[in-house]
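As annotated by TrEMBL, compositional bias 'Basic and acidic residues' applies to 1-11. For 15-27, the entry in TrEMBL reads compositional bias 'Low complexity'. According to TrEMBL, the domain 'SLC41A/MgtE integral membrane' annotation covers 140-274, 364-507. The region 'Disordered' feature in TrEMBL is assigned to 1-42, 58-92. As annotated by TrEMBL, transmembrane segment applies to 99-124, 181-205, 211-242, 254-277, 297-316, 328-348, 420-438, 450-470, 490-515.
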């Protein structure tokens, strides 16, 4: 049974009609949606058969090609439904130069923010509250690490959402903003409370001395600092990501460094000011024999106030499907990262408390901040790269099941290896600029001798090298297990950066002391 073909079809079957032209959306180098193949008919004559490819398959090929060429997603869509917002413009092809150019300014801005935080820590370490309640030093890496646990994770999550077109309509944008802001307030309050408990425990175990007023002081200071800092930084992050998309910059390259540019400074300034103000109540009570002991009421009230707001933030976070899942399943990385950072805080407490190593304070936020910033950029980029192929757990056969070799991480031709090389090459010039800035501002208690710079750079390079390698493995491993790296990887990586940076820096200072570099009077 046969049907008479239309005239247009007859021309195509006979090969006399016009050759179908490629779709304009295919671009150069793309195959047309319609192709021809020659077959022998019953009479031996050649017959051309038109083979029509699936539009979905052709779209997948175009997206895969765009991904391989550009290292970022092309959000072109063949769906003409009016329910969806306009597709965002396709990002430009990213070369090593373009990656470095986009990362450089936010990286320097973030670095100067960590320098300012280091100068603040160098000053406040001599305050009475830091001298009498030394456990506050343990809170420093844990609360500064919140920028990695919360703000950088927020920046990575929103950058991915912006790149895959989930923030194009006002309704989607507002839902993402309210849900994510409420989420980080819940996480900040809980993590701030747990960080104070960790500080009390880590301070009590070595000394065997437990002080109830100091415990309440740490709790109130930690919760208030975490809440206020996350609120301010979260609003800044949202503005940065929206602005980046409007001017055509990849948010993955700029959002996470800018999250850290003011994160350390704001958090450390808040922690110092709040703890000092609360300590005044305690010191006034101890100075008078018949003191009213206001701290018994003020410290618990501060904690209760922020904890009482938790139900409001939980309700708002549950309204957004994107944050509802994180609200239930995103606690493990945040809490574990806080514990890892607290171990780094214990190292800082025991090192800086020794007058011979007081110079370490000004460099700790710098080395930790630079390492965390660079690895957060890399993790955010790899996560966005994987999201372009589907959802976590999908295409798991394309995800390496073993630890990558260092050559694959740093020397392969793919875009993620290219960005790893660019980020690693920023370490030495960036730290030289930051060290020079500290020296010009007469900060710290250590003269910047050649041997000191060599030890410092060795610690910084080793820290970033380890972090970039772990990021390559961790993001792919989490993706293969069905976990969204945007929500899980950056807290671990930045916490490891704090631990590695503080540990390697403390080791460098001890070695320098042993070999005779004992200048500790600069800046006094």
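Note that Cβ sites are derived from N, Cα and C of the backbone, with glycine treated the same way.
Sequence-distant residue pairs (6 or more apart) of the transmembrane segment (297-316) and the transmembrane segment (99-124) include fewer than 3 whose Cβ atoms are under 8 Å, leaving the two stretches without contact. Sequence-distant neighbours of the transmembrane segment (450-470) (same chain, 6+ residues past either end, Cβ-Cβ under 8 Å): 363, 367, 370-371, 374-375, 378, 404, 406, 409-410, 420, 423-424, 427-428, 431-432, 435, 493, 496-497, 500-501, 504-505, 507-508, 511-512, 515, 517. Remark: secondary structure over the domain 'SLC41A/MgtE integral membrane' (140-274) totals 119 helix, 0 strand, 16 coil, with classes taken from DSSP.
Per-class residue totals from DSSP over the domain 'SLC41A/MgtE integral membrane' (364-507), listed helix then strand then coil: 112 helix, 0 strand, 32 coil.
Sequence-distant contacts of the transmembrane segment (490-515), counting only residues of its own chain at least 6 positions beyond either end whose CB sits under 8 Å from a CB of the stretch, comprise 141, 144-145, 147-149, 152-153, 156, 256, 333-334, 336-338, 340-341, 343-345, 347-348, 351, 356-357, 359-360, 363-364, 367-368, 371-372, 375-376, 379-380, 451-452, 455-456, 458-460, 462-463, 466-467, 470-471, 474.
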